Amino acid sequence: MDSYFKAAVSDLDKLLDDFEQNPDEQDYLQDVQNAYDSNHCSVSSELASSQRTSLLPKDQECVNSCASSETSYGTNESSLNEKTLKGLTSIQNEKNVTGLDLLSSVDGGTSDEIQPLYMGRCSKPICDLISDMGNLVHATNSEEDIKKLLPDDFKSNADSLIGLDLSSVSDTPCVSSTDHDSDTVREQQNDISSELQNREIGGIKELGIKVDTTLSDSYNYSGTENLKDKKIFNQLESIVDFNMSSALTRQSSKMFHAKDKLQHKSQPCGLLKDVGLVKEEVDVAVITAAECLKEEGKTSALTCSLPKNEDLCLNDSNSRDENFKLPDFSFQEDKTVIKQSAQEDSKSLDLKDNDVIQDSSSALHVSSKDVPSSLSCLPASGSMCGSLIESKARGDFLPQHEHKDNIQDAVTIHEEIQNSVVLGGEPFKENDLLKQEKCKSILLQSLIEGMEDRKIDPDQTVIRAESLDGGDTSSTVVESQEGLSGTHVPESSDCCEGFINTFSSNDMDGQDLDYFNIDEGAKSGPLISDAELDAFLTEQYLQTTNIKSFEENVNDSKSQMNQIDMKGLDDGNINNIYFNAEAGAIGESHGINIICEIVDKQNTIENGLSLGEKSTIPVQQGLPTSKSEITNQLSVSDINSQSVGGARPKQLFSLPSRTRSSKDLNKPDVPDTIESEPSTADTVVPITCAIDSTADPQVSFNSNYIDIESNSEGGSSFVTANEDSVPENTCKEGLVLGQKQPTWVPDSEAPNCMNCQVKFTFTKRRHHCRACGKVFCGVCCNRKCKLQYLEKEARVCVVCYETISKAQAFERMMSPTGSNLKSNHSDECTTVQPPQENQTSSIPSPATLPVSALKQPGVEGLCSKEQKRVWFADGILPNGEVADTTKLSSGSKRCSEDFSPLSPDVPMTVNTVDHSHSTTVEKPNNETGDITRNEIIQSPISQVPSVEKLSMNTGNEGLPTSGSFTLDDDVFAETEEPSSPTGVLVNSNLPIASISDYRLLCDINKYVCNKISLLPNDEDSLPPLLVASGEKGSVPVVEEHPSHEQIILLLEGESFHPVTFVLNANLLVNVKFIFYSSDKYWYFSTNGLHGLGQAEIIILLLCLPNEDTIPKDIFRLFITIYKDALKGKYIENLDNITFTESFLSSKDHGGFLFITPTFQKLDDLSLPSNPFLCGILIQKLEIPWAKVFPMRLMLRLGAEYKAYPAPLTSIRGRKPLFGEIGHTIMNLLVDLRNYQYTLHNIDQLLIHMEMGKSCIKIPRKKYSDVMKVLNSSNEHVISIGASFSTEADSHLVCIQNDGIYETQANSATGHPRKVTGASFVVFNGALKTSSGFLAKSSIVEDGLMVQITPETMNGLRLALREQKDFKITCGKVDAVDLREYVDICWVDAEEKGNKGVISSVDGISLQGFPSEKIKLEADFETDEKIVKCTEVFYFLKDQDLSILSTSYQFAKEIAMACSAALCPHLKTLKSNGMNKIGLRVSIDTDMVEFQAGSEGQLLPQHYLNDLDSALIPVIHGGTSNSSLPLEIELVFFIIEHLF
């Protein structure tokens, strides 16, 4: 035992030395994680693609890193396992030094089939130093020795091993890998491990390769379990048992980082879904997780699951000191791990299986101690598993009895956990768990039914933090954990996570959990007893007492940030929580974990400060509700340097569950490396973040990168490296990129794009980035940027472009105060602050904590609500002040349909108010494994649990303000961000006038996909629902898949409030029930068409009796209008849209006629901004009239429904008002068959008929239109269509009865008929002088017919050409007293257009000013945002309208120059509520000026400066070509680029 332990310590010391000497190479978290993944993934890399696919469902592929690694490592595992197994004594006969303790005993699992896949992942070794050491020793000494240690039957006893391995491995893999890298670096001498690493992790540095063979084996083993390869499992199991404990200990300690946990949370779902995805992406773990999340997209399960785990969370303020609370067992919701439903054949473990249960129980035991570490390990696979676990999971992992020696050692997990898993041999019963659910100890309720059915039901998985009772968590983590052998503990912790996860919601519902039974064989196997190990480590354990306080301090600071999540947790617990992922893990795992923790990158035993890169305080966003989830990730990696032989004393952590208050400190203390340099720590973080951001904004909880490097015995110190790392690294990378010529990657070494992995072909050519030298496809390398070494613009990839842009923006932001912060950033990122003893303040001093680019962990956590501000990317606040650089944050967008994470290829930087929601996402390059960039992602708006809950989301409640808006009362299907008490939109401080305010679209793109249509394809599903009160500071929330029943309940609620649907990121539709003219109508109104230059649309559709579903065809109509507007095809007054297929469940519905409301009643309608049109449903037989003579149809509708001039309502199933075309004068004037020609209509030309005279008023400005009519008509007939006259009190209406067209008059209600309008006039020059008439005038249908002689026709033509008035006298030649007169008058018609339109510059009315639409030849786009100039208004000053033709070209030039000047600022303008901008240009002989504003307020000066430099040259160049004076106003909209 002694020699064993010493050897382990010695190895650990060496590893630590290596880490300290080569921190860069070892990027702790990433490298380790990558290595771990690589070991387990590399082996599976080849198998992964095939096996993963076959073994796991698509969703599971997400489970990926675990699953894929599991699959692929199947082959490698078998070999590795054989070797390692040989080194390991049979579980039955011996206890490994690393002792599987609980984990080992768990290995009693009957088979990998029995054990759930998730469990497999979770079972990965946690980094048990001792275990690892043992493995190393065996590996290094000889395979034969190992073989000797293991009985023959050990191999056959794969089940037991499997159980252990699965639980420990799965958990450890992702997180552990990070820790393992450092810890097991040396241990991993086995060729197999190196192979695995090499395969899987190209990007991972040597650290990954160094991962203990045992770790890789155990990791692989987990994979094998998933693979269903019993043989492999058996072999691995033995190996794992031995290795796992040690590996697990280390891994668990490191992996326990919040980051890892976060990853697991978000990953679980994603992982389950895409096991395959992980295979290549150890480095890209984040991406994988994100992808998984995407696939799971809709499954909020991860997040939801996490909350339950929170319930389960170990936070037990009471047990804090004495008991190890399962670190964030809430995290373990991920562990809920799937007990992959028993259904899953090979992968799902039989929950009932004693062996499996044993594993889980052991895992639980271990986790109780090792929870932090094991959790950290779990994050990659275990947590993922937990997230993945579907509440559906039929198979529940029933912890088997693990009452064996190991169990005794196991520390009792919180009572809650105990309820579910009773260490000390008591069976876990689900009923107990249910009871304890209240205590927060409830594990994720849902287990994944089957590995194949990896999708987690978001609703099912959702666990509410509220349900957690802080007090209940008091259940003590069994102190006996110390008793558990360190190795066993780590393994157990992993297993525990998995097993805890195994408790499915179903189990919670009351199914009894099987006892976690530890295999006797497994117990007998260990070389060193738990008691011996505990005794040996006791002194060291005592040394970690300071760690607790340190962690508490950290937790306090973090807790402020996460108080929202903490809602259900006790404040005391929060304080008690240890954030040391490593130290925490270590404490739980005892000596082993400590050792692992020691491995932490900067762990300096000498100082007694183990600078655990992992000491990061992970704020697990998995579930905002999962308070315990906040894994006490701050690792108390500061295990006393006093530890003997370099081993860190194990320390019990009473980890009160608490909301993850800080970002995942996934990143190592090492400053972020330049994009070309792989940063394992960074990679790990990205994995967690990606998953988090993808599946849950909450996951993207990492608001602060706080590395609490170590909390040494003497005191605790915070390492701030990670916090600034994002902005700082970005800045550094941006500064470095382009300074010198990069190394050119040869074409031969890049068969695929190094960003999107697309294969290069003859047509898809290679492009080298001039900034980084890598090879990309044309899509990924389509940017241009000025590089210093070239002194000119050159082609760069999208990643370098973003990095350089961010660096430039960051520098611009640096003010006198900002620059100081900047310098502090770098210092804090790389240095460990001196330990501060007895630091009890819950708010760490600024010097102690890293200055987060996202937020300051201390004060802002408390005052997040008051501190929320909006600022521009370049650091300017809306009021012109300089923004504090420490608050720089960004927003993330998520797809409403696929919940996909940000594309690794498309960096998004968005200013957001909510620091606590940001997550750091790094993009590892699939080919090189290098992290090409760091990204801070924040999603201020997410979905809210339920409409009823909406109001509460804005309060200081533990529930995230933004989570998926589940109309369901109780469920927060997906809480994306456990954010500050009030998740505020970026533009929250901008007053939103109403649901029709165009500014409401400013942030929609952050919550939905950039798809042109978000309408589901099926008939029943509805588009995403946006719920917003329209009040200042209100928090919009999005429900991805609302149901008709829920919508009806909302619509029929009090006051008939409208609901808003998101048809795409640029178009909203408000729906409401209204009573109009005593009937009930569906009222639809759009918001967003103005951005394309299209008038908004309203539709009033009569409700059918007992109609309880929204007519979705209306949404399709709006999408059609939107697409037409994109093409420049606009709908205006009296235009139409027709259908060729059934519409609104009837083939008789022909389309819509659109009119501009005039005399109609609009008082009770929530109208959109002007201009807008009203759509009226028409029948198929009415289509000809809508096309050739729409005014006739409009007026006929008015006569039918007693409305003047027309109704605004649409009635389904009505009889058509016109039948087959009969004998009508229109047959002579228009083509009613093929629509080849129609009646020439002159806008604003009016025909007024009174007694004895008729007047045809022709606007002078329409002279050109009149000339067109004359030139196109024959010499005998002139026909002109008129406009509807608002000056007339009645109008002629044509009615068809039995094929005969008759004339009626329809008048406005309550007005006497004096002036009657007509729809057209026909001058017929065929009247013969011999007829005895001078001229004849008569009413024909709804128009005026004037018959004149040829001579009179010639005079009329001449008068029209010369723009002179003309009078026609009608009547008989001899009847002087009975004559009538027809006057043709040229009038200066008053401009009545643009009614209700106001200027964005200063708010003045634009009514009466002529305008015309502008169509630019090209769009100006940046960051997927387009600036569109839609219209120009002319402020004429006694000028002839003829100048408009020349002014239009000048206006286009101004529009292009302005668009180019605004382009760099589109994102900041839009995010700050300025998505509609007006530009007014005034030019005179001695004066040139312009004004730019939005919503009546001038733009900030720095925007005007850019406009000045762009516009002045254009204005001066255009003055000579335009008539002066000239004053115009251009309207610009900033919209999203949709696909």
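Backbone N, Cα and C define each Cβ position, glycine as well.
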If you check Swiss-Prot for phosphoserine, which of S815, S980 comes up? S815
Quick check on the record annotations: which of S10, S446, S805, S1509 is tagged phosphoserine by Swiss-Prot? S446
Of S45, S693, S946, the residue that Swiss-Prot annotates as phosphoserine is S946
Whole-number Å distance between the CA of C777 (Zn(2+) 1 binding site) and the CA of C769 (Zn(2+) 2 binding site)? 10
Long-range Cβ environment of C753 (Zn(2+) 1 binding site), under 8 Å and at least 6 residues apart: K759, F760, V775, F776, C777, C780
How big is the Cα-to-Cα gap, in Å, between C800 (Zn(2+) 2 binding site) and C756 (Zn(2+) 1 binding site)? 14
Where C777 (Zn(2+) 1 binding site) sits in the secondary structure, as DSSP reduces it to three classes: coil
For the binding-site residues listed here (C769, C772, C777, C797, C800), which one has the lowest count of neighbouring CB atoms within 10 Å of its own CB? C777
Of the binding-site residues listed (C756, C780), the greatest number of other CB atoms within 10 A surrounds the CB of C780
Considering Cα atoms only, can you say which of C769, C772, C797 is the nearest neighbour of C756 (Zn(2+) 1 binding site) among these binding-site residues? C797
Helix, strand or coil by DSSP: which one applies to C753 (Zn(2+) 1 binding site)? coil
Looking only at the zinc finger (747-805), mean pLDDT returns 87
DSSP-derived class (H/G/I helix, E/B strand, else coil) of C800 (Zn(2+) 2 binding site): helix
For C769 (Zn(2+) 2 binding site), which of the three DSSP-derived states applies: helix, strand, or coil? coil
